[in-house]
Structures are given as structure tokens and as C-alpha cells.
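What follows is a set of notes on a single structure, which appears directly below.
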Amino acid sequence: MGRLLALSLLGIALALLGERLLALRNRLKASREVESVDLPNCHLIKGIEAGSEDIDILPNGLAFFSVGLKCPGLHSFAPDKPGGILMMDLKEENPRALELRISRGFNLASFNPHGISTFIDSDNTVYLFVVNHPEFKNTVEIFKFEEEENSLLHLKTIKHELLPSVNDIIAVGPAHFYATNDHYFSDPFLKYLETYLNLHWTNVVYYSPNEVKVVAEGFDSANGINISPDKKYIYVADILAHEIHVLEKHPNMNLTQLKVLKLDTLVDNLSIDPSSGDILVGCHPNGQKLFIYDPNNPPSSEVLRIQNILSEKPTVTTVYANNGSVLQGSSVASVYDRKLLIGTLYHRALYCQL
């Protein structure tokens, strides 16, 4: 009887593991291939060779790039080189990406930038918020951008127990932000287990010097985050659920879910087209290729434009798609004055004139 019970429990466990594995493959879109959608006036940006995971553009056309992200188990083309912040002036005829100097005292050797966001204060001071993973830990760094010197002055490092696995950030004040946690746990093994079991424990956190709180939860893996032009709504990408959540922002900074847009791809960072309010989404058509890197079968890239997301039937258009022959693992797309920038998790970056 004991052996029969043991065999029965083993069979149940194996069936559960098999079901979870199949579900994970579906969440990763492991069988999906993408058809190319080309743009005519594009070139790879010189100086970005190992990823530009996030991009944020100021109203004056200055674009910031978060480069050199490294994560446990993720491929890197420059595993021993620290990350950095690059800048490109999109008002120039032939813009170049230049690395910004960072003030003394900041630990550059362990700089591992992820999501970024800018905030312009009432006195026109520009703050750059950077999700940082020094030694694979989790912090948010706040810098002051000094344009005349092309430099960043480090102001503050933020750590908090409610920020165990920060992915992306949207600044809403000089020391205030919403941030996504893409995992509930910070331990790498527990992260893998959490993803495998599809626990839906990830969340969005609001941070201010006076209050830190969870304002939305229940995501499979909360990823990119942004805010509507009128500041009334927060958009959150749930990468493994292939969804974009629209949440209403309240005066107390709490969020209430308004709607969910389902897509057929892994949605990463979200950017807003300042001229239209459309959402541009950097996507991964096949997540398995992204996480299990094969140079002979590289991860593909995809950029979507979402128009009228608050309507009953938003319009979703593929702006760009590539099978990895040009751009591998697109994570973000940002636009300014008909100039499109596409960044990647660990590969190159693309500049296109629309």
C-alpha cells in the first residue's frame, strides 16, 4: 500500500511538473516566429554593443540610454564591462551616442542599470531615475542631469523591502515614483521557482520620502511602466501574460485597474509618443530564444504602436519586426519628431527616421 501511495504521489507530481512546463512554454511563446516588417531609413547606433534596455527622451530631444544590463542566466556580449548611461541629441542632423560622466563617489564598477525615467521639476531641473542592480541587488538611483557638463550628479540611493526585484520605473516627482517588481522574491532560485509555478505575486509600488506602498498586484511578471500624457493613468506591461494593464491614478497615488489589453507577444518597456499619446511597446516575439541564447537562432525583435488604448477597440500596429538578423531582443522603442530609437536587452540599438 505504501509503495502504491508513493507511486501515485510521484505520478501526480510529474503530471504537475509537465503541465507547468507546457504552460511556461506557452507564456514564453516558445514556438512563435516573426515575419519581418522593415523600416527604410535605419542604422545601428555606434557605441552600443551590449544592450540598451531602456530609453527615455526629454521634450528637447535629448535621449538617455540605459546600457550594459546583466542578469543571472542572461546572455551578455560584454560580461565584464560595467553598465552606463548614454545620451543622444536627436535635434542634431547626425546624432551620436555619448556616455555621460557620473559624479565621484558613485560606484561605477558595479553600475548595472535597468529601467530609467526622467522628471523635470518646476525650476527646470532634470532628474534621472535609474533602476540599478549592483552585484545583482536592487536599488533606485536618483541623479541630477547637468547638461552643460554632459554629466550626472548622483543625489540618492534608495533601497526598500518593498522593492525586492525592481524592473522599471516612472518618476512622478523629484523623489517620487512608481516601480514594477518583476518577481516577488530576490533570491535567484526562488525567482525561477516563482516563474515556473506562475504564482502571479508581482506588483507595482509607489515610493515617496513619506510613504511606500503596494498599489497594484497580481501580475505574472510586471515589467515596463509609464504614465499617460494627462497624468491620469498608469500603464503596466505584464510580460509573461502578454498584457498591458491600464490603471487609474488617484490623488492618494493608489491605482485602480480600468482595463487590460491582451496581445500575442511578450511586452517589455512602454514609451509614449509625445505628439499623439500613442504607446510604443518593445516586444519579444519568442521569450525562449531570449533566455536560451543561440547565435545561430537568435531572439527576434518587435515594436508595436497602440492607438486609443482607452477605447473599446484600440488599434495595434506592428511598426518594426526582425528575426534577429539585424536586432536581437528588442526591449524598448521611443519616438521623437519622427525619429525612432529601438533598444534591446543585450544586443545593439537602432536609429530610424520615419
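Cβ atoms are placed via backbone N, Cα and C, with glycine included.
TrEMBL labels come from automatic prediction, so no person has curated them.
Per TrEMBL, the disulphide partner of CYS42 among CYS283, CYS352 is CYS352.
When the recorded positions CYS42, ASP54, ASN323, CYS352 are screened for a C-alpha within 10 angstroms of the C-alpha of ILE116 (Ca(2+) 1 binding site), the residues that qualify, in sequence order, are ASP54. Summarising the environment of CYS352 (disulfide bond), the number of other Cβ atoms within 10 Å of its Cβ, over all protein chains shown, is 20.
If you measure from the Cα atom of GLU53 (Ca(2+) 1 binding site) to that of ASN323 (N-linked glycosylation site), you get 18 Å. Using ASN269 (Ca(2+) 1 binding site) as the reference Cα, a 10 A cut-off selects ASP54 from the recorded positions CYS42, ASP54, ASN323, CYS352.
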